[in-house]
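K.L.:
Copied straight from Swiss-Prot:
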COMPBIAS  237-247  compositional bias 'Polar residues'
COMPBIAS  266-294  compositional bias 'Basic and acidic residues'
COMPBIAS  306-319  compositional bias 'Basic and acidic residues'
COMPBIAS  337-346  compositional bias 'Low complexity'
COMPBIAS  375-397  compositional bias 'Basic and acidic residues'
COMPBIAS  404-414  compositional bias 'Basic and acidic residues'
COMPBIAS  445-455  compositional bias 'Basic and acidic residues'
COMPBIAS  494-503  compositional bias 'Basic and acidic residues'
COMPBIAS  504-519  compositional bias 'Polar residues'
COMPBIAS  589-599  compositional bias 'Acidic residues'
COMPBIAS  652-670  compositional bias 'Polar residues'
COMPBIAS  676-688  compositional bias 'Basic and acidic residues'
REGION    1-35  region 'Disordered'
REGION    53-177  region 'Disordered'
REGION    203-546  region 'Disordered'
REGION    589-701  region 'Disordered'
Amino acid sequence: MIPAIPARPQRKKGDSAEDSPVPEVPQRPMRHSTTEEIADLVSNTTKELEEMEQLISHGHKGEEPVVPQRRPKVVKAKEHENKQVVDTPEMPSIPQRPRRKQTSESLESVSVADGQGSKATEEMTATDSPMEDKDTNMVENTADVSKAKESTELNVPGGTEETFTTEDPLPATTGSHPEAIKEISDELNEVVAGTEKPIEHTISNDKEETTLMKTSEQRDEEMKETKSNRASEKLSDNTSENETVKTSDFVAKTAEKTAEMVSPQESRDEIEKSVAKTDEETDDKQIEEQKIESIEESIPESIEVPMKKSTEEPEKEPVEDSSEILVKGQTEEPSEKSVSSSPDQSNDAPKTSTESANEIQRKSQEPTTETTSETSEKSTKDSTEPSEKVSQDRSDQNETADGEETKPHVPESRPKKRGPPPVPKKPSSRIAAFQEMLQKQQEAQFEKSQKKGEQNDGAMNSDARTKFANNLNGLFALPGMVPGGPPPPALAKVLKDPQDTANDKTSTSNDQDTGSGTNLKDVRHGRARGPRGRKLPTKVATTEKVKVSETGNTIEIFSAWKLSIKGQVVHDADDDIDCRDQDNYVETEEQNMEEQEEREMEKELMASESTVEEEETVEQEKTVEEEKPVKEELTVKEEQTKSAEPVLVNVPTGTSSDILDNEPTKTTLDVQEPSPEQKLDTEAREESGTLPTEAEPLDNE
């Protein structure tokens, strides 16, 4: 048994812990209530929260207050327009390590908002600096450009894009440092001038977007690469559009798209502002002018010829000529970036194409300007057409943008017109007769169905009348009526049901039909007969049928068993005890040996009997002759033993000589064949000498 644990009893409310007596008898321990445990947990959590607040507010061990590490975010146009300043969160959910000191070269140390930096940002935003005004004006002018690039997925010079995101959105602190503002304004100016997107690696996960700002040296190197690749990109854009879109419809479709995307006043203002800002950047202009001159040499041929054809005969313009002309204007070495263009670039393609087209129109003083202006005016007039045509133009442009030239499919061999159907041949006389017969049968059936419908209508009306008349019987006295008697015969005919009359008519007609057998039709069909004039072959005709009278079962009688009856001396137990002489003992042993030999002989004979019945009879005679001397010897010995000592012997009825002289007769009995197990048992008993002697059944009889 486990010993009981002594425990303190529960005290009452008024008692103290010291007054409670120690019990002599052990009791169960007191269980604490769940409410007390919950109260302890609440008190502990409140203490921990207070300690956390103290650590955050006063710092840990005299160090600076804990500030979450944040990275700067790309400044968007909407934030510049609204001039929003986002403060850092007051208290993070989990305390973090104190921020390491960083050098002045990195932009992260400048842009991260700490305790002092947040105040500086507020002061800078309150007092609008001239640099900030320029920045906001530039962003307002390029609102549409920033809207198209809100995804902030920026290209790396190698042509790849890296996008990562963090969990929480970070506030963008702008206006606090003039160096950062200058860099941002330079990048925006480059965007307006038609350069690539700002060279910043955006790191974006599913929830948050941050940027890794680079040093000035890296930025200068990347800017040079982008400027060198700028003209090649414009060439690739122009050539790709010239490959897919016909030159006659190029300007019209671009004008329609710009009209749909942006209103005409806004588009003009944006283009004028962008051109004004490009004039300020002299370095970019020098590079562009050199590249544009090379473009002008290749483009005029592709613009002049199809434009004239389109104005004069737009419907008869063949597709093959335009494709050949476009191939001439293509550059031999397109840039790699035109091949691996992202979907964002494909969306911005119409804007860049419009800008490049405007620049070419101003600087190229060739007669192509007149044709392009006329087509642009026509496109503005056609912009008011229904939306179905615009959608068709878009679908055509999308198909051509994929690089598939739209050509009308003209089959080599057109199908011939089918002639009139062949006139059917006249049917034979038998078919015509069969068709007439079917037609007559159908007409007869149709007439019968109409007659039955008329008869049924009359029957319904007559049934209603007869029921009404039967209900009125006895109410009105008529001539010839007797109270309690049947109605007169004239009335009875009228009051009869039509069904009864119809049944009477059918019964009379059936009687007449049965009386005269001539009215019945012979419905029997002729017997199906085979072809005549052919005979069976002689082999089949001369065959004789074999009649088997016997069933095929035969009865055979044979002897399966044989019984041989022999007399034998049986000794009782008392007699054996009395006669213990050696002579008698030897004689009994000799007799047993002789009996065993005889049994073996009999077994051999039984095995040979199964072969042939004749051999069995011969062997039986031999055995009888051989057994006679043996039996005589036995009789002599028995007489000697009887003369020597009196022995009680159970002898069957009749003398021994009669029994011995009688030959075994052949008897057939209906005995079941013993099983193999029984045979083995009998053999074992015979060998051991335990089998009953052959004289015992005679004693029983």
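A Cβ is built for glycine as well, from the same backbone N, Cα and C atoms used for every other residue.
Quantities reported herein were computed from a predicted structural model and do not represent experimental measurements.
Are these features on the surface or tucked inside, and what are their neighbours?
P.N.:
Here the compositional bias 'Acidic residues' (589-599) has, by DSSP, the following mix of helix, strand and coil residues: 11 helix, 0 strand, 0 coil.
Across the compositional bias 'Basic and acidic residues' (676-688), DSSP assigns 13 helix, 0 strand, 0 coil.
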K.L.:
How about long-range neighbours of the compositional bias 'Acidic residues' (589-599): same chain, 6 or more residues beyond its ends, C-beta under 8 Å?
P.N.:
627, 630, 634, 637, 686-687, 689
